[in-house]
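J.: Got a structure here, written out as structure tokens. Questions coming.
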Amino acid sequence: MENNDELMPREKLLAFGAKALSDYELLAIFLRTGIKGCPVMSLSKNVLTHFGPLHALLSADKKAFCSVKGLGITQFIQLQAITEMTKRYLKQDMLSTPIINDPETVKLFLLTELQHEEREVFMVLFLDNQHRLIKKERLFLGTIYVSAVYPREIIKEALYCNAAALILAHNHPSGITEPSYSDQLITKKIQDAAELMEIRVLDHLIVGKSDCYSFAENCLL
């Protein structure tokens, strides 16, 4: 049997699935061809060496993206379309099933929404009594270090859309997902305010560059 490492990316994907591919192999499939003197696999490695992790490539603006040799406006447009389709797929997936049944989908959705933000964004997922998504709202926008959060505004919005439960989320632009004391304090304030209205706070997720910290999973709720 042929060794996995000897297969070209497309063959490897068909044989073992997309999860078996490295970042540069996935990017090579997207790029399709290389440039003169630089085969596609080498070009893919060069691109990732330039940008670093995938999230940096995906969040690059048009100028930064197209400044790299071998990349152009066509690839930029295609990548933006793929990223947006991923966001919409995850949102539709959450709309079709109770969120509590699939916490990993929630994490993936929040990563696609918040991991590239350069300032703190505080988002709330409003859920019905079956824990299905009613809507998502970016309620507060802050600096690179902190965002001002007002529990009364969250509860007001929850009552307006008749939400029975909430999932709180915000990003740390630093990439460090460990909650600060102020994160824990505001979570408790929101939780207390929600309980007065018989609304449950199911979780508070802190989004980094590639992962999420869950208050619920770490027994902080």
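Yeah, the Cβs are placed from backbone N, Cα and C, and that goes for glycine too.
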J.: Which single residue out of Asp183, Asp192 does Swiss-Prot record at the Zn(2+) site shared with His170, His172?
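T.: Same Zn(2+) site in Swiss-Prot: Asp183.
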J.: Looking only at the motif 'JAMM motif' (170-183), how are its residues distributed among DSSP helix, strand and coil?
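T.: The motif 'JAMM motif' (170-183) comes out at 3 helix, 2 strand, 9 coil.
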